[in-house]
Every structure is written in structure tokens, then in C-alpha cells.
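According to TrEMBL, the protein has these features:
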| type | residues | note |
| --- | --- | --- |
| DOMAIN | 21-107 | domain 'Pyrroline-5-carboxylate reductase catalytic N-terminal' |
| TRANSMEM | 204-229 | transmembrane segment |
| TRANSMEM | 249-271 | transmembrane segment |
| DOMAIN | 249-382 | domain 'Ferric oxidoreductase' |
| TRANSMEM | 292-313 | transmembrane segment |
| TRANSMEM | 348-367 | transmembrane segment |
| TRANSMEM | 388-407 | transmembrane segment |
| TRANSMEM | 419-442 | transmembrane segment |
Amino acid sequence: MNKNSSNMMALAPNTSNKRETVCIFGTGDFGRALGHKMIQCGYPVVYGSRSTQISNLIPKDAEVLSHTEAAQKAAIIIIAIQRQHYNFLTQLEEILHGKVVVDISNNLKLNQYPESNAEYLAQLLPGARVVKAFNTVSAWALQSGALDASRQVFVCGDDMEAKQMVMNIVRALGLTPLDKGSLLAAQEIENYPLQLFPMWKFPVFLSLGLTAFFFFYCLALDVIYPYIYEKNDFSFFIALTIPNRVCPVMALTLLGLVYLPGVLAAIIQLYRGTKYRRFPDWLDKWMLCRKQLGLIALAFASLHAVFTLVSPIRSFVKWRTSKTIISQALNNKTEPLDTTNAWLSDSYLALGILGFFFFVLVGITSLPSVSNSVNWREFRFVQSKLGYVTLILSTAHTLVYGGKWFLSPSAYKWYLPNIYMLSLVVPCVVLVVKFVLIFPCVDKPLTKIRQGWERNPKYSE
Ligand code: NAP
């Protein structure tokens, strides 16, 4: 019964042209922008302000009254005032009793106060039906209409009917309400606009650290070593050659790191014989940022593709080609075509192109607009199966490229392995473990565990 009535309420604003008056406390940036949008959508707006003087900035058609007078005119009061000024609201407690009071405030720091602003407001006005909403929408977006990226409005509150009334307004403004539950969720909603790419921090810092390490590794082996031992100045390698070595190494290492937590999780589940024990925190966090790691890996792979495509127009490459031709002309001898080398070079390029193609496909399916249009099984197929195909192709691309130098002592300057050998470590570990995991004697118990079976059940019947 209740459910039906709330559904009917949700439809109500669309079926009637008459909108209820909304009161906004505060004629600041947000109050004005929200009022303007509401008037555009047919809501009569009345402002409650410390000064009842009408300024040019206040939307036309809006009334400006004292707080008491304005609150008396509406059932919904939106508090567009900073939290530190909420104290004066206690004087209006009687007028606000039973009314829907909407807290839209944000803080300057994460968890700035012990309780959320909305809970604080509810403490100040125990008789009011406090709802948290609109804090994730900016005044600028409301004013300019640039709401594409922030169409979602998180709403929470303890009073279902009050929450529905606010959600109806949100819908009427062309935004999408997202019910986050009771007022307890307000703290999380208030922290949301303060977060700066939270899921990207670890992948970005890890990538920066690894890029710096690989860059200096290449610098030592490809520029400093030849300078010291052969008196060759290859410092210009810093511009293109070294980046084109670091990018594929980063792409392959990060791609391996996308799939490594999955195989670690499988080993942990097999060892514990249950899926009902939490993974260590670090593994949980790692698994949550796999998409970001994958997208950064794709960016490195794309850079590698561009660097490789421009390679033939580099003066160093042109010089090296003409040097070979001239030396053949001077010796009056044409080198015969080495078909083994031709095979290796074509295979390595083909594997790289195919690997990049699948990598782009996997990357595209991780975009919300695409992933929303496929079902869970299709999504898993692309992310897991095609992801592994990408990893296999990219690893094979690197192996074919450098495999022939594995045993050559010249590949170990200062006894250090070449950088492409380092890039093979993580992907090879992942592929070998994955290979073991798909053996039926390992896969069967793992599948059973993932379906809920336990080796030593804690609660047996
Ligand atoms: P603002 O421009 O500083 O305006 C705040 C308004 O509060 C003032 O214009 C004033 O209105 C009123 N006020 C100031 N001191 C007061 C006091 N001592 N007693 C009573 N009223 C007082 O701030 P804003 O940018 O509009 O932000 C208002 C609220 O919306 C904040 O809580 C903010 O976190 C939230 N918010 C803002 C945005 C945004 O993009 N700006 C986005 C989301 C949420 P009167 O002069 O009319 O009394």
C-alpha cells in the first residue's frame, strides 16, 4: 500500500502543471542558481533572506521575504546557507516543524565535522523532516545547463514521503535522483564532491613510479653505458627511443598487474577452501582499481603505437638505413634476404597489432556507456577472456621481439637484463599461474568454492 502510494507520488508532478511553492533560504550563488532553474521548471520560488531588498541578481518572478515569512509560504524549504550559519534556524523551529527541510551543503574537508551537516540540521530542528540532496550539483552547472556529467543527484533522508517530494523536484528539474537511503548516508554524500579521482590515485602513482624507474634504467643502459664504454653520444635517445621502450614495458607490466590480483585471489580461495573469508585489504583495493590500471596501460600502448609509426621519419633511422645501403654499394654486395628474420619481424608486428586491437576492444567495453549496454556475462567475457587474449598476444609480441637476445651476453650490459625482459616478469607469472588454474584438478575445486562450497564449513547443519 505504502509502496503504491509512493509510486503515485513519484508520478504526481508530471501529471499536473501546478507546482508547489518552494522556499529557498539564502540568496547566495547556489540559492540563486537553484531558484532560477526551479522558476524555469514552473515552481513558484520564495526566498528567505536576511535582507528583503530585491537585487538584479535575484531571479525575476521570485519573492524575497524574511526567513519566517518565506517559510510560512512553502512546505519545502531548501537551506542554501553554509553549515556554520545554521544556528539561527533554531529560532524558526516552530515554523519549520513538520516541513521538509533540504540540506544541500558541502564542507571544505573530508569528514570535517563529527556528524554530517544534514544530521546536524536534524539535531537543530528535531521536528523537521530533513532530506539531503543537491550537494553534488554545482551552481555553475545549474546556471549554464552543463549538467551532462553531473545529472545524478544523491538523495537521503529518514522520512520516505519527504524524500519522495524532494526526488520529484529533482526529476522535474531534468535531473536523476538516486536514493541513497537514510540520513546516515549523508556523510558519504557530503564527502563525494570532495574526492579527487579516488580510484585513480594508486594506479597513477604506481605508473609514475614505474615509469621513472624504467626511464632511468633505459637511460643507464642505452645512453650512459655507450657513452662510458664506446664514447658514443646517444643522448638524443631521451626524446623518442627511450619513451618508445618505456611505453610498451609499462603497457605490458600494467596489463599483467590488472590480471595478477585475480590469480592471487584464486590461490587464496583454494588455500583457504572458502570464499567467505575477506581478502586482505591491499588485495581488495588492488582489485577495485583494475579498470584504471587497464586504462593507463592502454594509454601507454597507444603511445607506443604512435611512437612506432613515426619511427621511419626519424633522422637516426634514415641515417642507419642509408648507411647499410651505402656499405652494401661500396662492397658491391647485396645482403640476401634473411627469411627467418623476416618471419620474426612480421610475426612480432602482427602479434603487436592484434594485441593492440584486442586491448582497444577491452578498453572500450570498460566505458560506462558501453558496459551498460551489455549483460554481466558478456562483460565478463570481454574483460576476462579477451583480456587474457590481449595479455597472451602482447607477451608473445615481446617474446618474439627479444627472444633471440635472451642468451646473448651483449644484452646484459652491467650484468643487467634488457628492459623488455623486465616487462615479461609480471605477465609471464600471471599466464603460468592462470595456465595451472585452468587444469581440471584445480579448476573444479575452485569453481565449487566460488559456488559456495567450503572445505571446513564453520556452520554445519
Ligand atoms: P554563498 O554564496 O556564500 O551564499 C550563502 C548565503 O547564505 C548568503 O548569500 C546569505 O544569504 C546566507 N548567509 C550568509 N551568512 C549568513 C548568516 N550568518 N545567517 C544566515 N544566512 C546567512 O554560498 P553558496 O555558494 O550559495 O552555497 C550555499 C550552500 O550551498 C553551501 O552550504 C554550499 O556548501 C552549498 N553548495 C554550493 C554549491 C555551489 O556550487 N556554490 C554547490 C553545492 C552545494 P542572504 O544574504 O540572502 O541571507
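Glycine residues also receive a Cβ, built from the backbone N, Cα and C atoms like all the rest.
Note: TrEMBL annotation is automatic and uncurated.
Counting only same-chain residues 6+ beyond the ends of the transmembrane segment (419-442), those with a CB under 8 A from a CB of the stretch are 214, 217-218, 221, 245-246, 248-249, 252-253, 255-257, 259-260, 263, 266-267, 270, 388, 391-392, 394-395, 398-399, 401-402, 406, 411. Contact between the transmembrane segment (388-407) and the transmembrane segment (249-271) is present: at least three CB pairs lie under 8 Å, with pairs separated by 6 or more positions in sequence.
According to DSSP, the domain 'Ferric oxidoreductase' (249-382) comprises 110 helix, 0 strand, 24 coil. Below 8 angstroms of C-beta separation, residues 199-200, 202-204, 206-207, 240, 243-244, 247-248, 250-255, 257-258, 355-356, 359-360, 362-363, 366, 387, 394 of the same chain, each at least six residues beyond the ends of the transmembrane segment (292-313), sit close to that stretch.
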